[in-house]
Amino acid sequence: MKSAAYLAALAAVLPAYVNAQAQEWGQCGGIGWTGATTCVSGTVCTVLNPYYSQCLPGTATTAPPPPPPPPTSVSSSSSSSTSSAPPSGPSGTSPTCSVASTIPGFSNAALPNPFVFNDGSPVQSKADFTCRQQQILALIQGYEAGALPGPPQSVTASFSKSGSTGTLSITVTDNGKSISFAPTISIPSGTPPANGWPLVIAFEGGSIPIPAGIAKLTYSNSDMAQQTDTSSRGKGLFYNLYGSGATASAMTAWAWGVSRIIDALEKTPSAQINTQRIAVTGCSRDGKGALMAGALEPRIALTIPQESGSGGDTCWRLSKAESDQGHQVQTATEIVTENVWFSTNFNNYVNNLNVLPYDHHMLMALVAPRALVSFENTDYTWLSPMSAWGCVNAAHTVFSALGVADHHGFAQVGGHAHCAWPDSLTPSLNAFFNRFLLDQNVDTNVFTTNNQFGGATWTQSSWINWSTPTLS
């Protein structure tokens, strides 16, 4: 009888214990978190940043993570090619457009005007704005991203396929050094379109659903530039090529890697990829990287950052204002102590954001007139939901000025775990895929928020003090 009573009591307790554990992909810790701090079997509570720990598939280990694999040599396969002068990936600067990496004496507490040149003169045409984008590109590199190298001396690529999985083997050589990496491509079934399959380059595999008829390349961006913590500075394939002292941040190095992938695809027709229809995506820290890649690489047709938060589709000034209103958000001062996503030079400005002659609305402006759709999650205050809404509104003025407002989308909802995809957003996502990768005539007017900012307030007139011009 005692045994029966004991088992009955245990049976009553166990469900409560299980329920007290966070489920797979659920939150299990972080600043201000008061919920479950242990995870269900088969998952481990993983610290993503000081504000958020998540139950990820796997088992706990006390051993440090293994170092990235060494570069692999390119094997012979059905197709290979070498380019001694691969096409330029990141856009350069025109000799007729005056650019500078910094603007001494600049100060503006509001969001800087994207429609004036560095000297204060107005942008009056689309051609003018192309020059303005070159100025913005130089400023972002000068203040926070670090220097983006130009095209390397050579890119060698080969492609092999086994079933529905392809392997793109890439070797990049510059200044007498070489690196190699080999991303895999999930290839749709059936006959490819005449120009090849559209492609999504997914940072660390991505988190969004990809429609049928679109290939997916899994980009191990953390091999290109490590991002464990601040000790990762200067580590990864990119730095093996350009040196550990290169000023490029991890995100800039990731963008450089995306450009080399596109170089390789352009030189490898057997991969049957349409290099005019490429998207890039990632979530959280990798969402920040996807946005940076879309901004720096003009061959990307569609950029899809997911829950990129501070350092992504939010603005530094707005995140600070959100923090000043008493909300626990990631700010510039905190993020530079967390990881190596930005150059060390950015540390000089995080305590005086007013001197930045740009903010991240202008990072997003580098994507225009190409397509950009971003998604945010208001359930997580540290993602700076008010800052995201304000920042994308400021960026939207650029797309509107260029006559392509429907090339820029945004949706901000809650009700799901960080980086878990809510089905309610799939129609908006698919609209952008259908239009910009699958060439369908569909409506992409998507720009919405649930206005759940945790009490933080967005007042547009306090931050956007310019009128949107019509550029021709």
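Just so you know, glycine gets a Cβ as well, placed from its N, Cα and C.
Keep in mind that what you see is a predicted model, and the values were worked out from it rather than measured.
What Swiss-Prot lists as active site, proton donor/acceptor is HIS418, and the listing cites similarity to another entry. In this structure, HIS418 (active site, proton donor/acceptor) belongs to neither helix nor strand by DSSP; it is coil.
Residues or ranges marked as compositional bias 'Pro residues' in Swiss-Prot: 63-72.
Residues annotated as compositional bias 'Low complexity' in Swiss-Prot: 73-96.
Annotation comment: Swiss-Prot describes CYS97-CYS131 (among others) as disulfide bond. Under DSSP, CYS97 (disulfide bond) is assigned to coil, being neither helix nor strand in the three-state scheme. Within the same chain, the residues at least 6 positions away from CYS97 (disulfide bond) whose Cβ sits under 8 Å from its Cβ are THR130, CYS131, GLN134, GLN135, listed in sequence order.
Cβ neighbour count for CYS419 (disulfide bond) (all protein chains, 10 Å cutoff from its Cβ): 21. Under the heading disulfide bond, Swiss-Prot lists CYS283-CYS419 (among others).
Annotation comment: Swiss-Prot describes CYS315-CYS391 (among others) as disulfide bond. Packing around CYS315 (disulfide bond) is summarised by its Cβ count: 31 other Cβ atoms lie within 10 angstroms of its Cβ, all protein chains included.
Taken from Swiss-Prot, the feature domain 'CBM1' applies to 21-56, supported by sequence analysis.
Long-range Cβ neighbours of ASN465 (N-linked glycosylation site) (same chain, at least 6 residues apart, Cβ-Cβ under 8 Å): ALA110, LEU111, ASN113. Annotated N-linked glycosylation site per Swiss-Prot: ASN465, in sequence order.
Look at Swiss-Prot and you will find 62-97 tagged as region 'Disordered'.
Per Swiss-Prot, the feature motif 'GXSYXG catalytic site motif' maps to 282-287. Mean model confidence for the motif 'GXSYXG catalytic site motif' (282-287) is a pLDDT of 98.
Under the heading signal peptide, Swiss-Prot lists 1-20, citing sequence analysis as support.
Between the listed recorded positions, namely CYS131, CYS283, CYS391, HIS418, the fewest other CB atoms within 10 angstroms of a CB are found at CYS131.
Proximity of distant same-chain residues to the motif 'GXSYXG catalytic site motif' (282-287), defined by a Cβ-Cβ separation under 8 Å and at least 6 residues beyond the stretch ends, is recorded for 48-49, 202-204, 206-208, 221, 227, 305-309, 312-313, 339, 341, 374, 418-419.
CYS283 (disulfide bond) falls within a strand segment according to DSSP. Reported as a whole number, the C-alpha separation between HIS418 (active site, proton donor/acceptor) and CYS391 (disulfide bond) equals 20 Å. The CA atom of CYS283 (disulfide bond) is located 17 Å away from the CA atom of CYS315 (disulfide bond).
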